[in-house]
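Chemist: Take a look at the following structure, please.
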Amino acid sequence: MTRFAALDRILTLKHRELETFWPLHDRPERVQSKSSAPFTRLRNVSTMSSRESKDQEQDVVEMKKAIATGSAKEGPAVSSIPPIVCYCVASILMTVVNKFVVSGREFNMNFLLLCIQSSVCVACVFVVKRAGVISFRDFDSKDAKAWFPISFLLVSVIYTGSKSLQYLSIPVYTIFKNLTIILIAYGEVIWFGGRVTGLTMVSFIFMVLSSVIAAWSDIGDALAVGDPAVAEGLAWSLSTVTGALSKLNIGYFWMLVNCLTSAAYVLTMRKRIKATGFSDWDSMFYNNLLSIPVLALFSLIAENWTVENLGRNFPEETRNFLLFAIAFSGAAAVGISYTTAWCVRVTSSTTYSMVGALNKLPVAASGMIFFGDAVTVGSVSAVSVGFFAGLVYAVAKNNQKKADAAAQQGIIPMTRNS
């Protein structure tokens, strides 16, 4: 604020000096009195003032340059680290907890699960607000109407993600999430004037390659595990092969829908945040509050609420721990909702997705550690290639940012021609 105050002071002084000396500078010769010495001195003073004004203008230009350079170098580097770290931790936590909840053999009430999570999330936010820790705007019907499409997209993202985790392992799920980056990048080209460089395209090729390796390894593992006769050297039965491939096809279908809805959610939220002026807590609050009636309605319509089905989804021996895990995941949803909006606002939607790509390695490792996902040459290779693709993408975006900054510096004049 001190530099801006100094800049404003210099501009004010320059304006006053020009107002003082300009009438004398523009005065006709015939108006001058017999003694021209005073006017000559005034002309000299005006000339000196003009030179001083030019010097001050040069100082203003240099100060503008320093302010622009300082904000470009220091601001984003410092402010982008906390949201990125928080987003990584929250995404790992949410993936592991959701995988645990939906990993039951007969679990089929995903809408109910998400409705409970959103309700717990909203309750936690209200408690924290009442305690005076945070603040956000009160509920407004106009804001709700404007934000409802974002909440609906978020419901689609979380639901399709939970269905994908139900059929796919965590490493395969996290690798295929890389494809969302490609969709978002080209979405930014269409709607936000972005561009895709050659190195970025190389990273996209590696992302697709890692997905192909993961799918190939996943299909092989599913067929080998699905038929005990394989271990005895017997021929595979057609029904076993068909059943394993059918299960994987369902998982990959939900994964494709999840990638599409995730890209739409991130791009639309970026545009709507700028239009509504929502803060991070505002977007998180409306996201979860507006999703509750949608999830409850879908649960009542599409899911089986019989006593038998509830007993299968929530077995008596693990019911208490399962409900605790659902409540905990709802509280953790506060973190994932807030850090997603925070990361998109502070960085960009593409950077947010890139961070998610780099986060695939620890997320995949968590699946291997906590859920016993197969550690094979194929799975490790797929995760490694996906991680390398994320690194290449990070370098490509960094180079693109530097090139854009250099081009902008060449366009904006930093010196005044005399």
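Residue positions begin at 1 at the first shown residue.
Glycine too: its Cβ is placed from the backbone N, Cα and C atoms.
Residues or ranges marked as transmembrane segment by TrEMBL: 81-101, 107-128, 144-161, 167-186, 198-217, 250-268, 284-302, 322-344, 351-371, 377-396.
Help me picture where these features are in the structure shown.
Modeler: With a threshold of 8 Å between CB atoms, the same-chain residues lying at least 6 positions outside the transmembrane segment (107-128) that come near it are 101, 134, 136, 155, 158-159, 162-163, 166, 281, 284-285, 288-289, 291-292, 295-296, 298-299, 302-304, 309-310, 313, 326-327, 329-331, 333-334, 337.
Residues 98, 110-111, 114, 173, 254-255, 257-258, 261-262, 264-265, 268-269, 272, 275-276, 278, 283, 286-291, 294-295, 337 of the same chain lie 6 or more positions beyond the ends of the transmembrane segment (144-161) yet place their CB under 8 Å from a CB of it.
Within the same chain, residues 149-150, 153-154, 156-157, 160-161, 163-164, 166-168, 172-173, 176-177, 179-180, 183-184, 187-188, 191, 215, 344, 349, 352-353 sit at least 6 positions outside the transmembrane segment (250-268) and bring their C-beta atoms closer than 8 Å to a C-beta of that stretch.
The list of residues near the transmembrane segment (284-302) in space but at least 6 beyond its ends in sequence, with Cβ under 8 angstroms from a Cβ of it, reads 109, 111-112, 114-115, 118-119, 121-122, 125, 136, 139, 143-144, 147-148, 150-152, 154-155, 278, 333-334, 337-338, 341.
Residues of the same chain lying 6 or more positions beyond the ends of the transmembrane segment (322-344) and with a Cβ under 8 Å from any Cβ of it are 83-84, 86-87, 89-91, 93-94, 97-98, 100-101, 104, 113, 116-121, 124-125, 154, 266, 269-270, 273, 278, 280-281, 283-284, 287-288, 314-315, 351-352, 355.
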Chemist: In the same chain, which residue numbers or ranges, 6 or more beyond the ends of the transmembrane segment (198-217), come under 8 angstroms Cβ to Cβ?
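Modeler: Answer is 171-172, 175-176, 178-179, 181-182, 185, 252, 357, 376-379, 381-383, 385-386, 388-390, 392-393, 395-397, 399-400.
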